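Student: Marked as active site, proton acceptor by TrEMBL: Asp315. Annotation source TrEMBL lists 3-phosphoshikimate binding site at Lys23, Ser24, Arg28, Ser168, Gln170, Asp315, Lys342. Per TrEMBL, phosphoenolpyruvate binding site is recorded for Lys23, Gly95, Arg123, Gln170, Arg346, Arg388. The annotation domain 'Enolpyruvate transferase' is assigned in TrEMBL to 10-423.
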Amino acid sequence: MNTKILQTDIQSLRGEIAVPGDKSVSHRSIMFGALANGETIVTNFLPGADCLSTIACFQKMGITIEQTGKQVRVIGKGFKGLTEPSEVLDVGNSGTTIRLMMGILAGQNFSAALAGDHSIAKRTMKRVVEPLREMGAAIDGRNNGEFTPLHIRGGSLKPIRYKLPVASAQVKSAILLAGLQAEGETVVIEPEETRDHTERMILQFGGQVIKEGQEIKVQGNQVLTGTEIYVPGDISSAAFFMVAAAITPNSEVVLKNVGLNPTRVGIIEVMQKMGADITVEELPSKGEPIGTITVRSSKLKGTTVSGELIPRLIDEIPIIALLATQAEGTTVIQDAAELKVKETNRIDTVAHELSILGADVKPTDDGLIIQGGTPLHGGEVTSHGDHRIGMMLAVAGLIAKGKIELHDPAAINVSYPEFFEHLGQLI
Ligand SMILES: O=C(O)C1=C[C@@H](OP(=O)(O)O)[C@@H](O)[C@H](O)C1
Ligand SMILES: C=C(OP(=O)(O)O)C(=O)O
C-alpha cells in the first residue's frame, strides 16, 4: 500500500478551481445513454474509477462507449438492446454502479453476475434486492442475495408501489429503472427527499416521471432517446475545498461550475449556519443548476446537523466533521446511520482518524459529536480505502502542525483523480 506525506501547516489557500464532473450524474449519463435509442454525447464527464467501472460494465453488455477524458459518446440500443455479458460485471468500489445497474438488469431477459472490491463485498444489497424480487427478478448471492458476488436473472416485471425503508437515491433509482421496463405504473415513496438526478435524466432523455409530494411515479415500457448531457461540477468534491478555505487562515478559494441541485446543497446551508464566509452565484444553465462558490476563512461556531438535511449532504459528513473540529462549541450530527453502510463505516473511520490528529470526535449510533476548537497535530492516518476519508484527511493536514503520513491516498481516484493537483494549485 502506498503512503503520502501530506502538506501541513499551510499559511493560506488562494485561487480558483473548476471541480470535476459530478459522480452521480456521470454514472447516470452512461446508463441512460445505453438504454436510450441512438447517440448520447456527455461533456464534463468524471473519469474517476467509479464511473469508469460503469462504462466497462455496459461495454460488456454490448454497448459502444468511446471515452476520451471528460468527453464520452454512447451509442444506445434501447431497453432491449443490452446483451448477456460473458464475464462478471465488475463494479469496483462503486455502490451507485451496482445498485442502479441491478434495477436495469431486473428487466433484462438474461443472466448476469456482479461483483466488486473488498468494500463492495461488505455493503448490503438487500435494500435493492427486496423490491426488485417483488417486481419479478430472480436474484441470488451470499447470505440469500444480500452480498456480492450476486447473480441476477431478469425478465418481465410487474410494477410496485414501494415505500423506501431508508432515504436512498440509489434504491429509488434502481426501482425507477426497473419501473421504466415494467408493465404499468411504479411508485416510489421517499421518507425524505434524496438527490433527484435520475428523475431529471428521465426527462432529459424524453421520458416521463411525475413527482407528487413524496411519491415518484413512472410508467413502464417507456422509450428514451439519446441526447446531449452536460455534467455539472460535483459539489461533493467542491466540499473539500470549501471546508479547506473556511479553516485555513487568510484563504479565499473560488470554485467554478459547481452543481447546485437543491437536493445536494445541504453543505452550503450548514456552512452558512456555522458562520462561514461563503457566497454563491448561480449562473444560467440548461440542465442541472450550476454556479460559482467563493469561500473565505472565518470564525466558525458549532451546530446540529440532522433530519431532512442528512440526505442532502450525506457524502459531505466526513468533511463537515473536520470543519466542526475548528468551530467554537459542540457540533452534533444525528440521523445519519446510513454512514455505516458507505465505502467504510464512516462514523467509525471519521472518529478514529480525526482522533489520531488530536480532534475530539465521538461516534454515536447515528452520527458524531464533535467538540470544536481543537488544534490538530501530526500522525499516521489511513483512508481505509475510502476516497472521502482520504480527502478529508488531506484537508485536515493543511491546518495540522507536524508530519502526517496518509496511507492509501490512491483511494481518492474513485471520485477525484486530480485532487492533489488542484490542492497544490491553491497552496
Ligand atoms: O444515487 C447516487 O448517485 C448516490 C446516492 C447516495 O447513496 P445512497 O442512495 O445509498 O444514500 C450517495 O451516498 C452516493 O455517493 C451516490
Ligand atoms: C457513497 C459513495 O458512493 P457509492 O455508494 O457509489 O460507492 C460516495 O461517493 O461517497
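Backbone N, Cα and C define each Cβ position, glycine as well.
Buried or exposed, and what's around them? Tell me for each listed feature.
Tutor: Sequence-distant neighbours of Asp315 (active site, proton acceptor): residues of the same chain at least 6 apart with a C-beta under 8 Å from its C-beta are Ser236, Ala239, Lys342, Arg388.
In sequence order, Thr96, Ala169, Arg195, His197, Asp234 are the residues of the chain that are 6 or more apart from Ser24 (3-phosphoshikimate binding site) and have a CB within less than 8 Å of its CB.
With a 10 A radius on its CB, Arg346 (phosphoenolpyruvate binding site) counts 26 other CB atoms from all the protein chains. According to its DSSP assignment, Arg346 (phosphoenolpyruvate binding site) is helical.
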Student: List, in residue order, those binding-site residues out of Arg28, Arg123, Ser168, Arg346, Arg388 with a Cβ under 6 Å from any atom belonging to ligand 1.
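Tutor: Checking each Cβ against ligand 1, the ones under 6 Å are Ser168.
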Student: Roughly how many Å separate the Cα of Lys23 (3-phosphoshikimate binding site) from that of Gly95 (phosphoenolpyruvate binding site), to the nearest whole number?
Tutor: 12
Student: List the recorded positions Gly95, Asp315, Lys342, Arg346 whose Cβ sits under 6 Å from any atom of ligand 2, in sequence order.
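Tutor: Gly95, Asp315, Lys342, in sequence order.
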Student: Can you give me the average pLDDT across the domain 'Enolpyruvate transferase' (10-423), rounded to a whole number?
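Tutor: That region's mean pLDDT is 98.
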